[in-house]
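According to Swiss-Prot, the features are:
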{"type": "REGION", "residues": "1-26", "note": "region 'Hydrophobic'"}
{"type": "DOMAIN", "residues": "32-91", "note": "domain '4Fe-4S'"}
{"type": "BINDING", "residues": "Cys49, Cys52, Cys57, Cys74", "note": "[4Fe-4S] cluster 1 binding site"}
{"type": "DOMAIN", "residues": "108-137", "note": "domain '4Fe-4S ferredoxin-type 1'"}
{"type": "BINDING", "residues": "Cys117, Cys120, Cys123, Cys157", "note": "[4Fe-4S] cluster 2 binding site"}
{"type": "BINDING", "residues": "Cys127, Cys147, Cys150, Cys153", "note": "[4Fe-4S] cluster 3 binding site"}
{"type": "DOMAIN", "residues": "138-167", "note": "domain '4Fe-4S ferredoxin-type 2'"}
Amino acid sequence: MNAIWIAVAAVSLLGLAFGAILGYASRRFAVEDDPVVEKIDEILPQSQCGQCGYPGCRPYAEAISCNGEKINRCAPGGEAVMLKIAELLNVEPQPLDGEAQELTPARMVAFIDENNCIGCTKCIQACPVDAIVGATRAMHTVMSDLCTGCNLCVDPCPTHCISLQPVAETPDSWKWDLNTIPVRIIPVEHHA
């Protein structure tokens, strides 16, 4: 029985020693992150869709900060994200990538042909914003309010029943941009 306790104590001491060495090394050899990259990464929508040409939002933020990449390539973030990045970097806002001529592109949303859906859940696993709901071997559907139109759910579908379709702007689908609405605060007088 003593041999077991000796082995437990030895392994515990080794774990403690190696943990202390790793803790010291992580602080001693730490690499400082670029604070500009961190701020840009916080502004980006974190959908990891790859529409900007980079595998995720962090690599795109690094490319903007370090390589001078254009700030207008984030499709899910749109103009709001581009304007925030332009303000952060003190650069001129640019027209969104690929739409220099058109002012507001049609918003695309994934649509599942429920007659052909086999319920494999591959689209649910691929969706970075959890806009697709359903269960194994059950009908799946897309919550259009959450869908960013990133196209990541289309390729994994084995029956090819997912397509991106433009959404017509209706009073139900139109989003108020509260930052562009002028708001004036009117002081209230209190009478005693």
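From the backbone N, Cα and C atoms, a Cβ is placed for every residue, glycine too.
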Helix-strand-coil residue split for the domain '4Fe-4S ferredoxin-type 2' (138-167), DSSP-based:
0 helix, 8 strand, 22 coil
For the domain '4Fe-4S ferredoxin-type 1' (108-137), give me same-chain residues lying six or more residues beyond its boundaries with a C-beta closer than 8 angstroms to one of its C-beta atoms, as numbers and ranges.
46-49, 143-144, 146-167
With an 8 Å cut-off on Cβ distance to the Cys117, Cys120, Cys123, Cys157 Cβ center, who else from the chain surrounds the [4Fe-4S] cluster 2 site?
Ile112, Ile118, Gly119, Thr121, Lys122, His140, Cys153, Pro156, Pro158, Thr159, Cys161, Ile162
Using a Cβ cut-off of under 8 Å, list the residues of the same chain at least 6 residues beyond the region 'Hydrophobic' (1-26) that approach it.
none
If we check Cα distances from Cys147 ([4Fe-4S] cluster 3 binding site), which of the binding-site residues Cys49, Cys120, Cys157 wins as closest?
Cys49
Can you give me the residues near the recorded [4Fe-4S] cluster 3 site, meaning same chain, not Cys127, Cys147, Cys150, Cys153 themselves, Cβ no more than 8 Å from the center of the site's Cβ atoms?
Cys49, Ala110, Cys123, Ala126, Pro128, Val129, Ala131, Ile132, Val142, Thr148, Gly149, Asn151, Leu152
With the [4Fe-4S] cluster 1 site defined by Cys49, Cys52, Cys57, Cys74, which remaining residues of that chain have Cβ atoms positioned within 8 Å of the Cβ centroid?
Leu44, Pro45, Ser47, Gln48, Gly50, Gln51, Tyr54, Gly56, Tyr60, Arg73, Ala75, Pro76, Gly77
Using Cβ atoms only, which residues of the same chain lie under 8 Å from Cys153 ([4Fe-4S] cluster 3 binding site) while being at least 6 residues apart in sequence?
Ala110, Cys123, Ala126, Cys127, Ile132, Ile162
Round to the nearest Å and give the CA-to-CA distance linking Cys57 ([4Fe-4S] cluster 1 binding site) with Cys117 ([4Fe-4S] cluster 2 binding site).
30
Per-residue Cβ crowding (10 Å cut-off), top of binding-site residues Cys57, Cys120, Cys127:
Cys57
DSSP-wise, what's the residue breakdown of the domain '4Fe-4S ferredoxin-type 1' (108-137) into helix, strand and coil?
5 helix, 7 strand, 18 coil
Listed binding-site residues Cys117, Cys120, Cys157, filtered to Cα within 10 Å of Cys150 ([4Fe-4S] cluster 3 binding site):
none
Using C-alpha atoms, which one of the binding-site residues Cys117, Cys120, Cys157 comes nearest to Cys74 ([4Fe-4S] cluster 1 binding site)?
Cys157
